[in-house]
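Single-structure report; data block below.
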């Protein structure tokens, strides 16, 4: 008798609400980069970033669906729930950024050409794609009291947000010169980014269990320290970045003044993220949920 290998197929990977959200994300991201590719106008750093975002999210989501459909993900040496939660949050943030950057960079007014119409359609499709990933984040978010998958909890999702915002800050940083105050700000951005990224990677790789100290209390301590460090940067960065300077006229997209202003707002966003992260982490550790 011949032994026949039977491959199991998990239909819930396509029929569950999470699976449906992923299918929509796959289709919408594919349409978005196809429309932009058909115009042939996506050069420069911003255009390359937008195309990379759509293609990257499309490819990884297809891989996730296939691994769940064929039930191959248990063989991977990682925490699958943490990985998918972190990716869906990252994809939502990347697609949201692209949906803002692309039209502001490539669509000009009045929009009355076929190329512009396809660019506008790609923008609308990208916005819908963001909603699909945001829906997946909402569907996979852990219920209160459930910490089996850390990156699906509010503090875990905030870790992804904090790391992504830090990457945006790095993309806007210009030469800070020999000013010690601005060098301190860059050091804070780098230190907090590296530690947050390590937490994400170690969580996905199931390495946090080997930590020699209580993980939950360590995270609370780190969040408190990061909050204080970002609080100093929130004051120091705008004070020394715009001291004795005026906004150049004209000041285009690559103007140093606009970039430093963007860093200022992103710093405030991360400060608020670390504040919320500290509140939720403290609640998870010190408040018992029945």
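Including glycine, each Cβ sits where the backbone N, Cα and C put it.
TrEMBL: automatically predicted annotations, no manual curation.
As annotated by TrEMBL, domain 'MARVEL' applies to 13-145, 150-286. Per TrEMBL, transmembrane segment is recorded for 20-45, 51-73, 85-107, 119-138, 150-174, 186-208, 220-240, 260-280.
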Which of 51-73, 119-138, 220-240, 260-280 shares the most C-beta pairs under 8 angstroms with the transmembrane segment (150-174)? 260-280
Is the transmembrane segment (260-280) in contact with the transmembrane segment (20-45), using three or more Cβ pairs under 8 angstroms as the rule and ignoring pairs under 6 apart in sequence? no
